[in-house]
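This is the feature table in TrEMBL:
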- 40-59: transmembrane segment (TRANSMEM)
- 79-100: transmembrane segment (TRANSMEM)
- 138-155: transmembrane segment (TRANSMEM)
- 183-204: transmembrane segment (TRANSMEM)
- 224-245: transmembrane segment (TRANSMEM)
- 257-277: transmembrane segment (TRANSMEM)
- 315-333: transmembrane segment (TRANSMEM)
- 345-368: transmembrane segment (TRANSMEM)
- 416-444: transmembrane segment (TRANSMEM)
- 456-473: transmembrane segment (TRANSMEM)
- 485-505: transmembrane segment (TRANSMEM)
Amino acid sequence: MFWPAAAIVIVFVVAAAVWPTTMNDDVMAPVQMWIVEWFGSYYTLLVTGFVAFSLWIGLGHFGDIKLGKDDDEPEFGVLSWFCMLFAAGMGIGLVFWGVAEPLSHYAGVPNRAAGAPSGMTDEGVHESLVTTFLHWGLHPWAIYVVVGVAIAYAVHRKGKPVSIRWTLQPIFGNKVRGWIGDVVDIAAIVGTLFGVATSLGLGVLQIGSGLSFLEIIGGDPGKIVYIVLIGAITLMATVSVVTGVRRGIRWLSNINMGLAAVLLFFVAVAGASLFLAREFVEAVGLYFQELVKHSFNTTALAGEDGTAWQGWWTAFYWGWWISWAPFVGVFIARISKGRTVRQFVAAVLLVPATLAFVWFTVFGGTALNEERNAPGTLIARGQDGQPLLDADGNNISVNVDNSLFELLDGFPGGKVLVGVAIILVVLFFVTSSDSGSLVVDMLASGGHPEPPTWSRVFWSVMEGAIAAVLLTVGDQAGLTALRYAAIIIALPFSVVMILMCWASLKQFRAEREIALRIQRRQQQQELTEHVTQNLIEDGLVEPNNVSGGR
């Protein structure tokens with residue numbers, strides 16, 4: 001898998017670097033919008049179905065099935081396990097969008113086809129958080145559950161290599177050893193590499209904005225600063241991935257979560273604490289109250305505005321999370337040996353979603369409260385008091401890159417908090433990059449759980465090189481084209497995920513039937529022994545006449 005995947009990545013990156021505008025505006029963007037327009041409803045049904053599937057296997061009879069041999073114990077403690085899966089899954093996204101997304105919904109970016117229906121009002125505060133909860137709550141983590149539980153069962157229970165293809169063996173049999181398995185694994189490698197490289201590039205833009213905000217660098221960071229930042233992050237990620245899961249990745253993930261908890265606690269205590277506590281209860285309640293409604297919302301009556309909104313938000317998110325599913329699914333499967341299906345679902349679905357709700361309430365809720373009490377603080381407004389529009393009528397009222405820094409700067413010791421946030425962004429990107437490199441390497445090496453050091457270094461450096469080339473040579477258009485490519489790959493991979501659900505249920509049912517047969521046999525044996533003992537005690541049967549085998 002190494003050379004085909006590497007060749008595809010190199011060809012695409014060269015094309016995106018040489019013809020960035022053409023690749024983005026004329027190829028990738030139209031294809032991505034076509035997918036949103038024609039398959040947005042499919043994504044809506046699919047991802048909601050994944051939530052139902054995850055709850056079913058977690059809460060039902062299959063929950064007792066162990067993702068490992070019967071005597072296997074968990075490889076990592078609960079805290080380290082959770083920190084690693086959370087940091088790899090979406091930790092960086094929470095930092096990047098924690099303030100920006102609720103503000104964007106409140107301001108009506110790109111339009112009000114969905115989201116906060118009442119605009120910048122008190123009701124709009126609730127609706128902005130609820131819409132954000134939809135994109136970062138149960139649905140994305142259910143996507144990870146589908147892939148993660150299938151791989152964990154195949155690898156730890158059945159002893160298969162760490163590879164996507166083996167999750168489909170219950171359906172295709174040994175055909176997964178051929179071209180079917182090759183296509184699936186290559187798509188997973190390319191999608192993962194594109195997704196992680198895109199996030200690295202976009203994250204560097206935010207880090208550069210933060211350094212500029214602190215006036216450490218003047219004005220536009222420039223390409224040299226971006227290259228230095230990418231190089232530093234890539235170096236740290238390479239060191240981490242070489243040291244392995246038990247050391248580098250686990251330590252960095254624990255540090256990440258600790259630093260994030262400190263920042264979260266400070267904002268919650270130093271901000272409008274009572275408001276945040278009440279808003280959390282109300283927003284979470286409204287989320288569950290309207291979960292079915294929002295889960296099936298396709299903005300059908302909004303026409304082109306609805307399609308544009310879906311392309312910005314829900315349909316885009318579902319495609320993005322699916323494109324990340326091979327990476328996150330393989331990684332959390334790798335670190336979940338010895339857990340039961342129920343423990344896996346609880347840790348991957350429910351706990352991270354709850355923490356996401358807390359994070360967005362504290363940061364997004366604080367930002368919304370600031371804007372509500374002092375209009376124009378975080379949302380740029382025109383002369384009419386409405387969100388600022390550019391000459392083409394596009395809503396440009398929210399500065400996505402700087403919104404977190406602008407919020408933190410308003411607190412006591414704001415500059416220090418901004419510095420902490422920048423460090424947090426860097427560390428989260430390192431954990432995403434190192435775990436992504438490890439996953440790509442495992443897939444490219446044919447499923448080896450501990451691939452050689454040289455190939456780990458290769459894929460880690462490849463991620464950084466892709467981001468650096470597209471950000472400096474191709475400008476942001478090339479990076480955007482890469483992001484669209486990852487989302488486009490998600491469409492065919494979604495079919496693979498449906499097959500994963502089918503294969504998982506097929507195996508779980510077979511194992512459940514075997515367990516029930518063993519249980520019935522044991523019950524029959526115990527009943528026979530009990531009846532025989534009673535007959536002996538009543539003197540109806542001589543002990544010597546009872547067969548030892550029974």
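Note that the numbers count up from 1, one per residue, in the order the chain is shown.
A Cβ is built for glycine as well, from the same backbone N, Cα and C atoms used for every other residue.
Automated prediction, rather than curation, is the source of TrEMBL annotations.
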Does the transmembrane segment (40-59) come close to the transmembrane segment (416-444), meaning at least 3 CB pairs under 8 Å for residues 6 or more apart?
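No, since the transmembrane segment (416-444) and the transmembrane segment (40-59) share fewer than 3 Cβ pairs closer than 8 Å, they do not count as touching.
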Among the recorded stretches 138-155, 257-277, 485-505, which has the greatest number of Cβ pairs closer than 8 Å to the transmembrane segment (183-204)?
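Ranking 138-155, 257-277, 485-505 by Cβ pairs under 8 Å to the transmembrane segment (183-204) puts 485-505 first.
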By Cβ distance under 8 Å, which residues at least 6 away from the ends of the transmembrane segment (40-59) in the same chain are close to it?
138-139, 141-143, 145-146, 149, 295-298, 307, 310, 314-315, 318-319, 321-322, 341-342, 344-346, 349, 494, 497-498, 501, 504-505, 508
Sort out for me which stretch, of 257-277, 345-368, 456-473, has the most Cβ pairs below 8 angstroms to the transmembrane segment (138-155).
345-368
Between the transmembrane segment (224-245) and the transmembrane segment (345-368), do 3 or more CB pairs sit under 8 angstroms, pairs being 6 or more residues apart?
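Touching, no - the transmembrane segment (345-368) and the transmembrane segment (224-245) miss the threshold of 3 or more Cβ pairs under 8 Å.
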Residue list, the transmembrane segment (257-277) vs rest of chain: Cβ under 8 Å, 6 or more residues beyond ends.
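Same-chain residues near the transmembrane segment (257-277) but 6 or more away: 83, 86-87, 91, 94-95, 358-359, 361-363, 365-366, 369, 408, 411-412, 417, 420-421, 423-424, 427.
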Counting Cβ pairs under 8 Å to the transmembrane segment (456-473), which of 79-100, 224-245, 485-505 comes out on top?
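Top-ranked stretch among 79-100, 224-245, 485-505: 224-245.
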